[in-house]
Amino acid sequence: MVQKSNGAERHHKPTTVLSFSHLAMVGYTNNCSSMYKAEFPALGTTWWIKIFDDSDKPDQIIESARSLVLDFEQNYSRFRQDSLVGRLNAGETLTSYPDELREMLEFAQQIYHLSVGYFDIRIGSTLENIGYDAAYSFQAKQPVSVSSENLAVTTELKLPSGVKIDFGGMGKGWLIDKVAKHFSEQGLKYFSINAGGDIYVSSDHDRPVSFGLEHPFDLGKIIGNIDLKNTAIASSAPNRRQWKSSDGRNYSHLVSPKSGPSQQRQVSAVFVHSPTALLADTCATAIFVSNPKVAKSLATNLGVEFMLVFNDLGTFSTKAFPGKLI
């Protein structure tokens, strides 16, 4: 569990220190004994996988992991009309569906309640309305009325009228943990999985692996480091996906139906450290789109540590957040 707010500090950084709002791998900052690595695109980002074990079948293991990732994208991408999510969003009733979909829906509902409604996978219509659609039009449309009816997870699955779901706020974390479990089942002990900056590391032969915290406007620079060992890190920030629509407003993919798509925020980035990638990814999203009170409640209830980066470059972190600024 994290320390309560009186155990954390807000640090005001000097103006010479770079601002940042995204975490990504800019290279391993320690000497890793990496034996095998792979890189491939999926879920709108790049995946980097490294295996530190001296495996006798690395190609097969990595290819099986890639298949897991691509199958997940096929099933759950909002941008695919033939995916389970695409079919649901088109109004179809699923008379049968995988246990995984049910489990993801139930987890999303849990976080919805813990975040007092700020984290909500029923965000699909809102994202389309502000231009984050399958065509990447980035042009705002006329808002449509969307039902606030709760999702009912039963033997048959159908979304309420006008509701479209999107797993973008938790999907990568879910999938990273799935790949990590697959690696363990294949006998691997030492590996890292990096999906566009959402990262899980077991270890490099029981040594932590260090990653750089990347400055979003000068991608060749880092402003801090974090060591990972049997833990995960994820971040949420608008800088990678933000646009100005024809209505003159600035939008990003980080929105909540509760607060609206054009809310002005004082936080430019959120970093979350957690035992699992799922909690790190989901809480990074939920904390960014909510408020400090909800953020502290989520951290306490789910056992995660986080750091906020404010627009004035000040930071707030829970006491046990392990990242170090430089």
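Indices start at 1 and increase along the chain as displayed.
Quick reminder: no glycine exception, Cβ is built from N, Cα and C everywhere.
What TrEMBL lists as Mg(2+) binding site is GLY169, ASP281, THR285. Counting only same-chain residues six or more apart in sequence, the Cβ atoms lying under 8 angstroms from the Cβ of ASP281 (Mg(2+) binding site) belong to GLY169, MET170, GLY171, LYS172, GLY173, TRP174, ILE176, ASP198, ALA232, ALA234, VAL272.
The region 'Disordered' annotation in TrEMBL covers 238-261.
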For the Mg(2+) site built from GLY169, ASP281, THR285, further residues of that chain with CB within 8 A of the site's CB center: PHE119, GLY168, MET170, GLY171, LYS172, GLY173, ALA234, SER236, THR282, CYS283, ALA284, ALA286
Protein Cβ atoms within 10 Å of GLY169 (Mg(2+) binding site), excluding its own: 26
